[in-house]
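One structure below.
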Amino acid sequence: MDKGHQHQVEISAHENLTWPFDVRCSSRSNCHKKISKISTSEVAVSAMGLLSCDLTDPRDPYKLLCRCQHNTCGPQCEQCCPGFQQKKWRHAIIDSPFVCELQKLVIASDIPMNVNITKRWTERTSLDIHGHYEGGGVCKNCRHNTMGINCNQCKPTFYRPYGKLLNATDVCQPCNCDLAFSTGNCADGNGLCECRVEFLPPRCDQCNVGYYGYPYCKPCDCNSNGTLGNVCEVGGGQCPCKPNYGGT
């Protein structure tokens, strides 16, 4: 080796995998000492996350690039590829490779992102492909009226009918609700409308307790001290008085 030059060293490890390692030597003997001290545990690689490092870097003919596996990406296979970020990348160990897991999503216009969500990876808030809340990969820009971490919920005023698959483009359908009596939202499955507070569920076709005069359903204005149950009659608006009390 020439004095002061940087040389590429290949280190072989488990399953005949190889990784490049740059060594700067000031002399032949010094370089030999450095190489003899290198161990695979000290090399910053992703263990079984790569197949080999035999691709020449087009920007540097003296540098090799790695062939990644297990859905890993990066110069040293040190990160999960886009779309496989359900769980945060970690180092594998011998005989126990870490496989980057496919992000579960319904329909998203962009790939799942892992930017600024490190905390969520430990909170188990994201649904994985096995139906478990493991990891925290987040989908962005959900489409077709979906929302949520996995684009697995319908937006307000939309609902998912019974039997509709999550990956269907029409998974979320508009609620058929009258805003005069409902909030505009409806229940998943049957699409029953969510009544405004003054109307009685599930049909919103009567006044709720504490209101009278359907279809306007105004709040009761009874004297609470003299009224049975502190509310007026739902049907006619008459205040049910306690004994020895009168009025309407």
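The backbone N, Cα and C atoms fix where each Cβ goes, and this holds for glycine too.
Keep in mind it's a predicted model, so treat the numbers as computed, not measured.
In this structure, C220 (disulfide bond) belongs to neither helix nor strand by DSSP; it is coil. Taken from TrEMBL, the feature disulfide bond covers C220-C232 (among others).
Within 10 Å of the C-beta of C222 (disulfide bond) there are 23 other C-beta atoms, taking all protein chains into account. The disulfide bond annotation in TrEMBL covers C222-C239 (among others).
TrEMBL lists 220-248 with the feature domain 'Laminin EGF-like'.
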Checklist entry - How many Å separate the Cα atoms of C222 (disulfide bond) and C232 (disulfide bond)? => result 7
Checklist entry - To what whole number does the mean pLDDT across the domain 'Laminin EGF-like' (220-248) round? => result 73
Checklist outcome for this item: Counting every protein chain shown, other Cβ atoms within 10 Å of the Cβ of C232 (disulfide bond) number 25
